[in-house]
């Protein structure tokens with residue numbers, strides 16, 4: 001155990017910690033902070049606020065009776081918008097006396113220049129929240145009433161995907177009040193967070209064997225049977241370190257994410273009429289979050305295994321970077337396209353992500369086995 005602790009200590013020094021801190025800061029600012037600090041963002045604010053309101057009024061789902069109540073509340077809010085326009089001088093000059101008349105004027109295609117100016121004044125200059133909210137309410141009503149046709153332009157010829165939509169429509173999941181704003185925010189956040197995990201782990205773990213090679217410590221290690229067992233100790237040390245780093249990063253992420261109040265949708269299905277993504281699986285928002293955390297730990301194991309194996313084979317830091325960058329770049333692209341971003345979506349074959357992760361795990365295990373055997377049998381002259 002003392003050897004493992006010493007190996008873990010060797011992975012960290014003041015220089016490494018300073019560079020690691022800089023890496024974390026840069027990646028956080030470029031890829032992650034926006035999804036936490038600017039939420040809800042702009043025109044998405046009414047969508048989030050209304051989903052919170054629906055959650056409080058109706059619970060995790062909104063049935064037909066509750067939907068009628070929502071429409072009644074929307075009608076009352078529309079009357080408030082009508083009253084606003086009746087008191088607006090520019091609207092009166094244009095003969096626009098109601099919200100509906102304003103919408104119809106804008107939907108005609110070619111609108112009067114003065115109508116455009118009125119629209120810009122209300123929505124952007126004065127930023128009247130009521131009118132942004134009305135647009136969101138209309139979108140919610142349309143989504144609730146027309147579930148099948150709003151997803152991906154699917155038709156009955158796309159058998160499996162269309163059947164999944166029909167299956168969902170017969171159940172309660174589409175009545176979930178979870179909005180695309182909440183789901184997309186978390187999905188983007190965790191996907192960009194995975195970049196931080198991949199880069200920081202590769203930076204910390206990669207030098208573990210190469211450092212000893214450079215310092216000629218390996219000459220002492222491989223000259224004895226006991227020394228050759230150091231390979232397995234390094235693997236254990238690297239795994240403990242990697243999972244520890246990922247855990248700390250996850251804790252930090254969620255400590256900053258929780259104040260956004262999105263976890264109140266924990267028990268809401270992600271297969272909501274108000275969410276653009278449809279999943280192959282019956283998952284709640286909370287279950288989806290737990291699934292992504294599991295994926296982060298799988299990625300931790302994969303990146304650590306690859307970094308250890310490459311570190312044991314190369315003879316220089318240039319070679320280390322040259323080999324690792326394409327591999328880790330491909331992994332990040334996979335995570336951004338299907339591995340984490342919109343994971344389980346019906347846009348891709350059902351079990352592709354699962355198969356991919358099983359393959360990744362098997363390859364990683366084989367790399368570790370190969371590394372351990374080679375280190376145990378390695379000759380000092382090799």
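Placement of Cβ uses the backbone N, Cα and C atoms for every residue, glycine included.
Taken verbatim from TrEMBL:
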TRANSMEM  12-36  transmembrane segment
TRANSMEM  189-210  transmembrane segment
TRANSMEM  235-258  transmembrane segment
TRANSMEM  285-310  transmembrane segment
TRANSMEM  317-339  transmembrane segment
TRANSMEM  351-371  transmembrane segment
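Between the transmembrane segment (285-310) and the listed ranges 12-36, 189-210, 317-339, 351-371, the one holding the most Cβ pairs under 8 Å is 189-210. The transmembrane segment (317-339) shares the most Cβ pairs under 8 Å with 189-210, out of the stretches 12-36, 189-210, 351-371.
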